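One structure is given below, represented as structure tokens, and several questions about it will come after.
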Amino acid sequence: MRIPLIAGNWKMYKTVGEATTLVRDLLAGLGELSDREAIVCPPFTALAAVAALVADSPLGLGAQNLYPEAQGAFTGEVSPPMLVDIGCRYVIIGHSERRQYFGESDAFVNRKLRAALAHGLRPIVCVGESKPQRDAGQAEPIVTAQVRAALLEVPPDQMANVVIAYEPIWAIGTGDTATPADAQAMHAAIRATLAELYGSEIAATVRIQYGGSVKPDNIDELMAQPDIDGALVGGASLQAASFLRIIHYQ
């Protein structure tokens, strides 16, 4: 059984004070989570403060990025062991904003994913197509190629720790959302690709999230789709009321 994962990606928002206020509000309304997981991914500067608040709570902690070396002269970067040490269990890998603004290639995303796994972190690896690619009918081959590249040399026994997030680039922060049917079709294509790579039994265990303008008013229909196993939430995770409604989808 795939346990749904709702993850809040706070991007470059929230000071330490703002982050702790938000987490306290989330914890106050969270309750017990018996059939789903929820995590927040604050900016690096707030990780320690948030880690202290969520310890021994149902709310988990993730990071938004890492550098694929354990240590070294890499000014400005953060390593997998540093994230583990601070209390992270998850890390977002290859978000479209990293690919677009910082030139991260499929090969570099693969390095990051394997580094995360090697240090006991669970990567949330992001894939998705642009609007021109979708309009040209290339969405599925683009996305499945990203999946194959991200998972290069990842052994079958590690796939239980991998989460894939399908985020159509044209839907991120725009208010546009893929229809539940379109999202389901892409999730099914991703799962079929996983079956080609690892067999249907392993493919059936991998969680595939949807991301891209996830909101309280569309989460229920998205989560009703058979291959959608959670959500990677941006703007709607920055307010307690909206994120709690998403976490408590019906």
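Each Cβ is built from the backbone N, Cα and C atoms, and glycine gets one as well.
Dumping what Swiss-Prot says about this protein:
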type	residues	note
ACT_SITE	H95	active site, electrophile
ACT_SITE	E167	active site, proton acceptor
BINDING	N9, W10, K11, G173, S213, G234, G235	substrate binding site
Using an 8 Å cut-off from the Cβ centroid of N9, W10, K11, G173, S213, G234, G235, can you name the remaining same-chain residues around the substrate site, in sequence order?
I172, V233, A236, S237, L238
According to DSSP, collapsed to three classes, what secondary structure does N9 (substrate binding site) have?
strand
Could you work out which of the binding-site residues (G173, G234, G235) has its C-beta surrounded by the smallest number of other C-beta atoms within 10 A?
G173
For G173 (substrate binding site) and the residue listed as 'active site, proton acceptor', what Cα-Cα distance in Å is obtained after rounding to a whole number?
11
How many Å separate the Cα atoms of K11 (substrate binding site) and E167 (active site, proton acceptor)?
15
So which one is it: of the recorded positions K11, H95, which has the fewest other Cβ atoms within 10 Å?
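Counting other Cβ atoms within 10 Å of each of the recorded positions K11, H95 gives the minimum at K11.
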